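Per Swiss-Prot, the feature ATP binding site maps to Gly41, Leu42, Asn43, Gly44, Ala45, Gly46, Lys47, Ser48. Marked as domain 'ABC transporter' by Swiss-Prot: 6-244.
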Amino acid sequence: MSDYVIECHNLETAYVGSLNRPILNEISCHIKQGEFVVLLGLNGAGKSTLLRSLVGLVPLVRGEVHINGVAMNSRILPQIRRDVGMLFQGGGLIPQLSAIENVLCGRLGTRTTWQTLFGFPKRDRLLALELLEQLGLRELAYQKTSKLSGGQQQRVAIARALIQSPQILLADEPTTGLDVIATQQVMETLAELHAQQGMTVIAVLHDLGIAARYAQRAIILDAGRIVYEGSCDNLQAQFVVNNQ
């Protein structure tokens, strides 16, 4: 059995005329269970596209993604999306809903319309409250998310991703637009999930210092290709060398 929970084999997306290349071009990489991996690169390098391809949100013209040794296809995609939580850039919360209601939205994919017609089951609500408490948001559970700070909103988004009990968490620029304190809160939350629960975390980041502090391994992309894969030591030098 493979040691890898994620395997990408020669991923390629459609050719983009404005770029004169595919967004992803022959991408191959492997990620082990329990790793904290950061994706780095300039704007347009393909970081977010690679992340989204891991849950079938990007059409590929070539290559395969394997999750837990199984090739991704339309038949098993629902199961993969239960095993892989996704934290979108900006959180993707519904501002008119409360924190707990946004967290419960993470259960929509596993509940039928009939099950949610009269509200979510009590066990779902208890789990949502438990997750918010773990993230220091219990007292804000019934507050509209539009009233929360950026860091609080991002932690609500993390709780929403966690309510499906994923094995893997993907975070697309989770600190974008946050101040220093909120950024630290969000990254500490991801680090705790990784360290205490053994969760596999893959995050797209721009700050090399934050990447070096929290991640175990870095993958640097340039023009749709992987140009570096390895330790987070001396990332500044690696980034400069590989983006010249």
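Every residue gets a Cβ built from N, Cα and C, even glycine.
Mapped onto this structure are the features recorded in Swiss-Prot.
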residue : record           : Cβ neighbours (10 Å)
Gly41   : ATP binding site : 26
Leu42   : ATP binding site : 14
Asn43   : ATP binding site : 7
Gly44   : ATP binding site : 16
Ala45   : ATP binding site : 23
Gly46   : ATP binding site : 27
Lys47   : ATP binding site : 23
Ser48   : ATP binding site : 21
For ATP, what surrounds Gly41, Leu42, Asn43, Gly44, Ala45, Gly46, Lys47, Ser48 with a Cβ no more than 8 Å from their Cβ centroid?
-> Thr49, Leu221
Three-state secondary structure, Lys47 (ATP binding site) (per DSSP) = helix
